[in-house]
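Database features, via TrEMBL:
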DOMAIN    A:34-223  domain 'FAD/NAD(P)-binding'
BINDING   A:43, A:72, A:108, A:400  FAD binding site
BINDING   A:180, A:181, A:182, A:183, A:224, A:225, A:236, A:407  NADP(+) binding site
């Protein structure tokens, strides 16, 4: 209790008692299995939960580079989706388990290396997600006013790394969102939604202020392919189509389906339902309601070819789009968009690129740069430096780092199940057995490494202090919480305020 | 008819009680139970209070028999008071049905597969919102539902619900696959 940020002192190791009271099972006859999970988002927490449930002799340490846990549940899930965040109750119960500890403010690569973790833990599970973005690689991409959707989402969700993003929402009436997945729909909805509705969410204070004075009235959602290929889910689409005072524009011609489209829809319930929703919206919204103050345009069959500056400025003024057609890709069997050589400019003062997150490698980790994931077999990390592929003993991946940046919170449940099954199988096969003189130290070893580097970590009760401070600040504003959005203040709050 | 089902329900309840613990015989079962009862406690008090309050205190309340088929194929038969959701019933009985959003229709983790088409057809059609979540459910079948949206009623007595598992396929009674 009341540990806050730990300064190096001798007594702190006693705060982590060895697990006691094992029943007379096979697990009690051996040393604990030391597991470190890197990343405390859904993939990390589901992995920890399943390991703790399945193995009585396991000790799980979860490290995260932020002082706050829960990854994208905190910094990704939109503020107006509070129900999706309820899962943190479950994750908090996992963290409260006596055999589980959280070490926030610990960065893999700088505070502790992968090699050090592998030297001190029997099992290292990498669950650090995807903290970068795919890019188009087209001219003008560095103009001001062009951001990745991830940066914008982190900004409105109060991620401390995007506190200083400050997107300009006042120099234009039009924003272009490139991409039509759920993240694209999220950022479009936040730009269009009435701010009195947002004011009662946990949106970051700086974002709410900026949105209140936003002059953006039109949002264009641009996709290379058609309505059948849109990557969003019906839930998100239904929500944005139902926004108050927003006129939805969908060209009915875009909704026509080819035999290949029909085949795609036959094979996918979600595609059928998404297409159905768009078709309904296209007919419903034909007449513009006089109350509609804002517009949402679905722009299909267009791909960006370059970003054009505004007159004499370094800020984006338009996106050049090329019309596309769908063609069958012989290799993948998917329909892909190919340019037609016909171009048009779409004027705007803000561009949000929402074409996918990208994972980053870390030193000593096999990484597939093309796919942006760690090569793995059911979660076991594969190394292919030599001629033959080998398994990196004791090293695993889960979540976006394992399968790429797609899916919902629940996708990680099954992803974690698979990785945990691999770990348990390897444990049964004696993969983690070490001679008694070289037993791995687990938590004790991590604490020693952090102490050597004078790295101050934030334990789970440090997060709980942040949590209660945010909730108290939120009460004053009728918000579920007022997020603390800078590193300094987060660390101060974790340390007891 | 109601009374017959009612009797059946109480008989099953007695049998269930007489049978003692229904959990699997794995080494970890005691730990599982500890975890799960802790797990379900807050959910009960916060989210499900309205669903249970009307039933509490009445010994002879109407119950139905529900069998859960776990991921490992083992089965647990429980009695569920009419009006209670399958998610809540599962959690009260330490059945490993996930419930990430605690019944607020914002996730698909309490996905169950109704194993008999006759019972499936006795359910109200899923709402658009439930269907939106089912779109994303892992291992979706033609008789899939969300456990939080299936509410115990007399017609469902004897219903069998399977938890979807990555490694298992099974046949749903009475279901004829559509030709492709």
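Backbone N, Cα and C define each Cβ position, glycine as well.
Note that the coordinates shown come from a computational prediction; the quantities given were computed from them, not determined experimentally.
Positions of the features from TrEMBL, shown on the structure.
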residue : record               : DSSP (3 states)
A:43    : FAD binding site     : helix
A:72    : FAD binding site     : helix
A:108   : FAD binding site     : strand
A:180   : NADP(+) binding site : coil
A:224   : NADP(+) binding site : coil
A:400   : FAD binding site     : helix
A:407   : NADP(+) binding site : coil
Alpha-carbon spacing, residue A:108 (FAD binding site) to residue A:407 (NADP(+) binding site), which is rounded to whole Å: 25
Listing them in sequence order, which of the binding-site residues A:43, A:72, A:400 have their Cα within 10 Å of that of residue A:407 (NADP(+) binding site)? A:400
Tell me the Cα distance separating residue A:72 (FAD binding site) from residue A:183 (NADP(+) binding site), rounded to the nearest angstrom. 12
If you count Cβ atoms within 10 Å of each one, which of the binding-site residues A:181, A:407 comes out on top? A:181
Tell me the Cα distance separating residue A:182 (NADP(+) binding site) from residue A:72 (FAD binding site), rounded to the nearest angstrom. 14
Could you tell me which of these binding-site residues, A:180, A:182, has the greatest number of Cβ atoms within 10 Å of its own Cβ? A:180
Rounding to whole Å, the Cα atoms of residue A:400 (FAD binding site) and residue A:182 (NADP(+) binding site) are apart by 16
Residue, out of the binding-site residues A:72, A:108, A:183, whose Cβ gathers the largest set of other Cβ atoms within 10 Å: A:183
What does DSSP call residue A:236 (NADP(+) binding site) in the simple three-state scheme? helix
For FAD, with binders A:43, A:72, A:108, A:400, what's the maximum Cα separation in whole Å? 18
Cβ atoms near residue A:225 (NADP(+) binding site) (within 10 Å, other residues, all chains): 21
Between the Cα atoms of residue A:224 (NADP(+) binding site) and residue A:43 (FAD binding site), find the distance and write it as a whole number of Å. 30
Averaged over the whole of the domain 'FAD/NAD(P)-binding' (A:34-223), what is the pLDDT? 97
Far apart in sequence but close in space: which same-chain residues, 6 or more away, have a Cβ under 8 Å from residue A:43 (FAD binding site)? A:71, A:127, A:129, A:398, A:399, A:400, A:401, A:402, A:412, A:415, A:416
